[in-house]
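Participant: This structure is in structure tokens; I'll ask about it shortly.
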Amino acid sequence: MDGDRVEIDGGIMEGGGQILRVSTALSCLLGLPVRVRRIRAGRSQPGLRPQHLSGLEIVRDLCDGKLNGGEIGSTEITFTPGKIKGGTHIADTKTAGSVCLLMQVAMPCVLFAASPSELHLKGGTNAEMAPQIDYTVMVFKPMVEKFNFTFNCDIKKRGYYPQGGGEVVVRMSPVKELSPINLTERGTVTKIYGRAFVAGALPIKLAKDMSSAAVRCIRKEIRDLYINIQPVREPDDQAVGTGSGIIIVAETSTGCLLAGSSLGKRGKNSDKVGIEAAEILLKNLKHGGTVDDSLQDQLIIFMALAKGVSRVKSGPITLHTQTAIHFAEQLTKAKFTVTKSEEEDPSNDTYIIECQGVGMINPNL
């Protein structure tokens, strides 16, 4: 530590933008100044990209903080947080950088603000290497609200690679504290549903092809369940650019939601897009956990902040999750343990992630 500044090595473990998101959000929440070095050292194009810079700027604005080194390509920043306030804030990647990743960094902060917040997040809504906005609304939202808070996510415009141009508005009120979660019983899959979408210049036939291919793929494994994957064409006034993709969600008897998704791109056969999403879903269902690979790491920061012990049963622990745990422990002093789950079926590769949260109290309420 330099005085009381926490040093973060942005090049270890996952070595990407996630380290930046977790550490700046926690810096803001805990009032801990941080210096992050070797930013995204694990990536082919290291340093800050537009979406990372927008994420840092919105956190800075949320708490009247000070940010040094905030330029595109910068590999080191220092951040000194102030007091978290509510109100309206805008973050614009000006690219197809993911609005969902902007939400990931801002949401924990505004939960502990002094008053309600409205976040206008602009960029890509369905971007590679990030959760799609449909995943955020259909899976992340109902699952993360188990920590005892709610938020509203209004998709104003969808935006796709390469130009972005999408906008979502997130509204949420602050909470006094977060409740721990106990997600250890998967239950049985009761329904499977989703949406296959096209936007811009693409014909609806592609959405229908994605949907049919996905259903055929799932049917090989799961025969007796009704599967409803709606093909949709996004209205032209609500979408910028041309894009396509699919998300498929499985809901269980205990209220768990797991998903598989995939994006179309030029030269990629639409059947392949559907099959890819279906295979991801089936893989997530096979391990017997209560959360899928995409949700696993997104819960870590909330588990660290919650009051009491949270337990989540998951499939194999992803590098993203290991990274989130490492930095959450370093900054919050929450204690995580990961143990192999004692399964009836030894072929199930399942784990219990347990966390003694720090019980963060909102000083403003």
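A Cβ is built for glycine as well, from the same backbone N, Cα and C atoms used for every other residue.
Caution: TrEMBL annotation is automatic and unverified by curators.
Sequence annotations record features per position, and here TrEMBL assigns active site, tele-AMP-histidine intermediate to His320. The ATP binding site annotation in TrEMBL covers Gln104. For 13-338, the entry in TrEMBL reads domain 'RNA 3'-terminal phosphate cyclase'. Per TrEMBL, domain 'RNA 3'-terminal phosphate cyclase insert' is recorded for 184-285.
Can you tell me where each of these features sits in this structure?
Facilitator: Non-local contacts of His320 (active site, tele-AMP-histidine intermediate) by the CB criterion (under 8 A, 6+ apart in sequence, same chain) comprise Glu14, Gln18, Gln296, Asp297.
Taking a C-beta cut-off of under 8 Å and a sequence gap of six or more, Gln104 (ATP binding site) has these contacts in its own chain: Arg21, Ala25, Gly55, Gln298.
For the domain 'RNA 3'-terminal phosphate cyclase insert' (184-285), the model gives a mean pLDDT of 97.
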